[in-house]
Amino acid sequence: MEGSRGRLGRDGRRSHFYSFLVLSCLVACSTCGFAEGSEAGSNVTGGVRNAAKGKGKRRAAPIRHQLSLDFYAHNCPQLDRIVASVTAQRFRERPATGAAVIRLFFHDCFVEGCDASVLIAPSAGGGRAMAAPAVERDVEENRSLPEEAFETIEMAKAAVERQCPGVVTCADILAVAARDFVHLGRKDSRVSLAAKVSPNLSRANSTVDDLLRLFAGKGLSAVDLVALSGAHTIGFSHCDQFVGRLYDFRGSATGGDPSLDPRLLKALRMSCPRAGGNGDVVAPFDVRTPFDFDHMYYGNLEAGMGLLATDQALYSDSRTRPVVQELGRDKARFFEAFAGGMDKMGSIRVKKGKTGEIRKVCSKHLSSH
């Protein structure tokens, strides 16, 4: 799951956001036959919350890997409210934070399980030669993780610590922030190793075979793959993740990926030149409703409007196309499938008991405090 590039300063974030707005306007104008208006940020938290709850009701959850919705019912009953107050504020201030946190959760769970190992602060050497092993955030695939996602989790953790010191793990706070009412009870990892990252994450040009194999290795199905890819209904990607579809595409008479809508191709080329472009320019995954958590992502794929090669491949491949079509027809079905996929992903290789820890600060192991 590609997203915004991390560690931008205040000026960098402002430039980054304006670049996104310019490209969004270009895309909207070029694809006006498709456009459906939305109010920026209006439906992100509501959509994620509805998807997380499936059909809108909090259910008594079955125990999965000894996780539970009411894990903190006695020692931190106000957990949901505390985290929700932080994430709601962050979503209002920066609508893209919703996509950023979901992406962070994905990168955490797919590498050694949902254990907050991705939150450990980068090494002083930044992934270069060093005596100690590089942590997950040192790896190229994780350097683009948006800083606002890490900031949101640290803010939520600090707020929870003020009310329930030493009780709630960073792994569970990340899970709550990514999706309301998930099963709780994960411990934080005691290690974070860079070498574990690349083999466990997809890339922007991964094939459907690659994706199905990766997801199957985590106990996730083809339906889970397509449903969780629906997180790209919000968020955005840098040009370098899809520029290969815009120029010198193998076997294409026009130079562009023939599966890409010509109007979208033209708009993207305007802001993502072959070389020498602005590295801060980003494009929305969902050109119709980029700030709404809905099922428009799947309609985009049917219209040739998938931004990444991995997105469009889900519609091109006969094994996943029926699921794309089903979720594109029925928003409630998408919410249900997304909730199921998030539930299963959130249970990957859970750390329990002495295999984990409860950090006081999410970016530092207890041993380093």
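Note that Cβ sites are derived from N, Cα and C of the backbone, with glycine treated the same way.
TrEMBL: automatically predicted annotations, no manual curation.
Looking up Cys272 in TrEMBL gives a disulphide bond whose other cysteine, out of Cys239, Cys362, is Cys239. With Asp286, Thr289, Asp294 listed by TrEMBL as binding Ca(2+) 2, the candidate from Thr207, Thr233, Thr254 annotated for that site turns out to be Thr233. Record note: TrEMBL gives Asp108, Val111, Gly113, Asp115, Ser117 as Ca(2+) 1-binding, and the candidate from Glu136, Glu140 in that site is Glu136. In this structure, the C-alpha atom of Cys239 (disulfide bond) lies 18 angstrom from that of Arg103 (site 'Transition state stabilizer'). Cα to Cα, Cys164 (disulfide bond) and His232 (heme b binding site) are separated by 34 Å. Other Cβ atoms within 10 Å of the Cβ of Cys362 (disulfide bond) number 22 in total over all chains. For the pair Cys76 (disulfide bond) and Cys170 (disulfide bond), the Cα-Cα distance reads 14 Å. Here the disulfide-bonded residues are Cys109, Cys114, Cys272, and the one whose Cβ sees the fewest other Cβ atoms within 10 Å is Cys272. All protein chains considered, the CB of Cys164 (disulfide bond) has 16 other CB atoms within 10 Å.
Distance between Cα atoms for His107 (active site, proton acceptor) and Cys272 (disulfide bond): 26 Å, as a whole number.
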